[in-house]
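Asker: According to TrEMBL, the protein carries these features:
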- 43-180: domain 'Nucleoside diphosphate kinase-like' (DOMAIN)
- LYS51, PHE99, ARG127, THR133, ARG144, ASN154: ATP binding site (BINDING)
- HIS157: active site, pros-phosphohistidine intermediate (ACT_SITE)
Amino acid sequence: MLMHAVFYEARKMFGNLVKDDATMIFLLTILASVFQTGWTGVNEHSFIAVKPDGVHRRLVGEIIRRFEKKGFRLVGMKLVQASEDLLREHYRDLRDKPFFNGLVRNMSSGPIVAMVWQGLDVVKMSRKMLGETNPADSLPGTIRGDYCLEVGRNVIHGSDSVESAQREISLWFRQNELQCWEDSSGHWIYE
């Protein structure tokens, strides 16, 4: 049904340029490939959120500093008081876990700094920067290894896959809230 709707909308938009269905399908395939490429490689995006405990402990600047020093580009950021509905949707994969309600309660207890970072392998690299979910298992030098003691107060959330990043970003940000900008330091970071 979704593909039919996409095809119908594409036909409305490009109908005067593309006359046959095979060419339209080819065009849509190319557009889908370009869109996916926009989410991978140097243009990969990750959702990072400084949790209420991190905001109250005034760790936001330090966390931003670490991501910038790594060479990632900040493309979206806002301070929000998240609703329980948003948090239940965000953490929907954990809804059957015994800690789910406490997690939602904790995350809605104060402001969250929601961010979108861009860069090469940013999802994988940011997970390494964050450290393990349980701070006791995190190495010194990671955010959780340096600033956290308990799993219930682990300061930060980061997307665990490109697909999760896409879903989480779409929950927390509208497209016009993400800024594409030319970073002049890119040639000093990427070959």
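All residue numbers here begin at 1 and follow the chain in the order shown.
Using the three backbone atoms N, Cα and C, a Cβ is placed for every residue, glycine included.
Unlike curated entries, TrEMBL annotations are predicted automatically.
Keep in mind that this is a model prediction, so the values were computed, not measured.
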Asker: Let me know the DSSP-derived helix, strand or coil state of HIS157 (active site, pros-phosphohistidine intermediate), please.
Answerer: strand
Asker: Give me the CA-CA distance between the residue listed as 'active site, pros-phosphohistidine intermediate' and THR133 (ATP binding site), in Å, as a whole number.
Answerer: 9
Asker: Between 0 and 100, where does the mean pLDDT of the domain 'Nucleoside diphosphate kinase-like' (43-180) sit?
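Answerer: Over the domain 'Nucleoside diphosphate kinase-like' (43-180), the predicted model scores a mean pLDDT of 97.
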Asker: Would you work out the biggest C-alpha to C-alpha distance among LYS51, PHE99, ARG127, THR133, ARG144, ASN154, the residues that bind ATP according to the record, and give it in angstrom as a whole number?
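Answerer: Max span of the ATP binding residues, Cα based, is 21 Å.
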Asker: Identify, among the binding-site residues LYS51, PHE99, ASN154, the residue whose Cβ has the fewest other Cβ atoms within 10 Å in this structure.
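Answerer: Relative to the other binding-site residues in LYS51, PHE99, ASN154, PHE99 has the fewest Cβ atoms within 10 Å.
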Asker: For ARG127 (ATP binding site), which residues in the same chain are close in space, meaning a Cβ under 8 Å from its Cβ, but six or more apart along the sequence?
Answerer: GLY158, ASP160
